[in-house]
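Contents: one structure, followed by commentary.
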């Protein structure tokens, strides 16, 4: 849910974005996410990919308790909030312009004892990566962040920096255009990639990626 243009073709699809609150139930909590389509656009609404990825995390598909996780292009922060409620130590990131809105959702939905293990931090892909330790996170999460082709190289550089050989990347997305497949092809040059989930109702895929080790490349 990064700050990118987005095409929504149906009137019904747009209506849900104009609601000031989107309410969800995850991890035995009611989560109320503020939305602000009119003023902040795509970064301030909940996209289907975030819902599907949050559901996948709640299913227990990956171990979260006690693990370090980062959400990229977090937008409203739903995925990071769910990961924190499920026990992860989460860093929730987006560009500077989105941070105050993101913080408001995190503070409204996480109990104080979980907020102490959760960080909201600026991250523009490909920039100032030195503020993050190489291979810092066990789990890297992204929902609907594969979109603008001109960001692909920076996103790959960011993933490469944040991942260790043991890190797991989970990317939730719709495959709308050829450029989406192009990104997956670029990802496969540096990572082992497999599809682990598909939601037919929302037409959202989840891909898991891990760094290729040297033995695989020989």
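Using the three backbone atoms N, Cα and C, a Cβ is placed for every residue, glycine included.
Remember, it's a predicted structure, so these values are computed and weren't measured experimentally.
According to Swiss-Prot, the protein has these features:
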type: BINDING; residues: 47, 73, 74, 75, 94, 125, 143; note: S-adenosyl-L-methionine binding site
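Look at the binding-site residues 47, 125 and count other Cβ atoms within 10 Å of each Cβ; 125 has the fewest.
In the three-state DSSP reading, residue 75 (S-adenosyl-L-methionine binding site) counts as coil. All chains included, 30 other C-beta atoms sit within 10 angstroms of the C-beta of residue 75 (S-adenosyl-L-methionine binding site). Spanning the listed S-adenosyl-L-methionine site, residues 47, 73, 74, 75, 94, 125, 143 have a farthest Cα to Cα distance of 20 Å.
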